[in-house]
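What Swiss-Prot records for 41-61, 68-88 is transmembrane segment, and it gives sequence analysis as the kind of evidence. Here Swiss-Prot flags 43-112 as domain 'EamA'.
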Amino acid sequence: MSLLLLLLACGLTCLGQVAQKFAVESWRGQPSSALQKLRSGWLWLALFSLGLGLLVWLLVLQRMEVGVAYPMLSLNFVFITLIAHFVFREHIDRRHWFGVALVIGGVLLLSRHA
């Protein structure tokens, strides 16, 4: 249950980051006021998902040691890298992929402790 909550917290925070990216991309090249930017559905999705992610994270901290749970949030690095590559078509070099593999290895080691 704790690992599922941790994955949910990761998913929600990643969704928030991706929604922020979509929000700023939608503003690019458009002269818009702060009020117009506040009307962005992407911005509100980002705020909602990050807020909900925080609440889920608090549940995680009630169930897991912070020394184990927090490093496992590095899964966000993996998820965001995949989204950057496949959704935003960003180039990811070999060193970056190697870093992703190391993060996955570290999370697997930590998950045995959880």
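Cβ atoms are placed via backbone N, Cα and C, with glycine included.
Counting only same-chain residues 6+ beyond the ends of the transmembrane segment (68-88), those with a CB under 8 A from a CB of the stretch are 2, 6-7, 9-11, 13-14, 17-18, 21, 60-61, 96-97, 99-100, 103-104, 106-107, 110-111, 113-114. Mean pLDDT, taken over the domain 'EamA' (43-112), works out to 94 on the 0 to 100 scale.
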